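Database features, via TrEMBL:
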type: ACT_SITE; residues: Glu102; note: active site, nucleophile
type: ACT_SITE; residues: Glu106; note: active site, proton donor
type: ACT_SITE; residues: Glu106; note: active site, nucleophile
type: DOMAIN; residues: 1-216; note: domain 'GH16'
type: CARBOHYD; residues: Asn110; note: N-linked glycosylation site
type: SIGNAL; residues: 1-24; note: signal peptide
Amino acid sequence: MKSSCSTRFAFLVLFVAQCVCVYAGSFHKDVNIHWGNGRGKIHDNEGKLLSLSLDKTSGSGFQSNQEFLYGKAEVQMKLVPGNSAGTVTTFYLKSHGSTWDEVDFEFLGNISGHPYTLHTNVYTKGLGDKEQQFHLWFDPTVDFHTYCITWNPQRIIFTVDGIPIREFKNSESIGVHFPKSQPMRVYASLWEAEHWATRGGLEKTDWSKAPFTAYYRNYNVEGCVLANGKSSCPRNSHWFTKKLGKGGMNKVKWAQRKYMVYNYCTDKKRFPHGVPAVCT
């Protein structure tokens with residue numbers, strides 16, 4: 001599918017190329033299960049359902065076949081049920097190199113009867129430290145729920161079932177780095193991190209419950225595909241200019257007031273000399 005690639009953003013003028021907006025719908029054609037030695041599986045001919053598994057030997061993961069400079073990445077996920085302590089299930093964007101950019105959804109498992117922690121973070125030039133964490137208002141292991149990252153030149157929006165829970169704005173005007181020049185792939189993985197994932201590593205993985213399995217379905221990406229080292233972004237796609245109005249910001253405030261369990265912006269012990277200048 002082709003669309004106009006003209007743009008009013010000066011920093012993209014260098015990237016003069018045909019832009020392709022992808023409306024992905026098949027794990028068969030859109031992703032590569034790049035690690036796990038058979039622990040990642042596509043379950044249907046249409047490529048709508050994929051599972052990742054973790055055992056004591058290895059986890060598993062997939063990556064998008066294409067790189068994007070801005071886009072909207074969305075998937076439905078059903079997480080590992082029962083005692084998932086020490087496991088981390090992810091859906092995220094990441095660029096290459098030692099000064100990479102990254103935008104994270106990470107789901108930190110827990111012992112039975114205790115909630116998952118949804119961990120969000122933004123890395124720019126290899127530096128993160130912008131964590132916000134939530135306990136969700138539903139059990140993410142019972143059914144599929146939709147998780148979406150919208151990344152455009154002005155902001156990054158994290159949404160859960162269509163509800164925005166976080167907005168990270170472009171604040172370069174006051175010296176805060178923002179991901180804008182490094183194309184990123186879409187990644188997902190299921191791996192073990194018992195040394196930190198659950199209660200700071202106090203709860204260890206119960207390997208007698210392995211293999212642990214998470215499910216992904218209805219993977220969908222609309223974005224500006226990197227081709228031959230060049231890319232540019234269309235102005236006429238809704239996600240490219242998306243911002244949160246009053247209603248959207250009220251939903252963010254609702255989610256953060258009721259369900260946020262950690263915010264780097266208020267962690268004075270971690271930042272004794274003052275929290276970062278911009279906290280979003």
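Keep in mind that glycine also has a Cβ here, set from the backbone N, Cα and C atoms.
Residue environment of Glu102 (active site, nucleophile) contains 19 other Cβ atoms, counted within 10 Å of its Cβ in all protein chains. Around Asn110 (N-linked glycosylation site), a 10 Å sphere centred on its CB holds 20 further CB atoms from the protein chains shown. Averaged across the domain 'GH16' (1-216), pLDDT for the predicted model comes to 89. Cα-Cα distance from Asn110 (N-linked glycosylation site) to Glu102 (active site, nucleophile): 24 Å (rounded to the nearest whole number). Counted within 10 Å of its Cβ, the other Cβ atoms near Glu106 (active site, proton donor) come to 20, all protein chains included.
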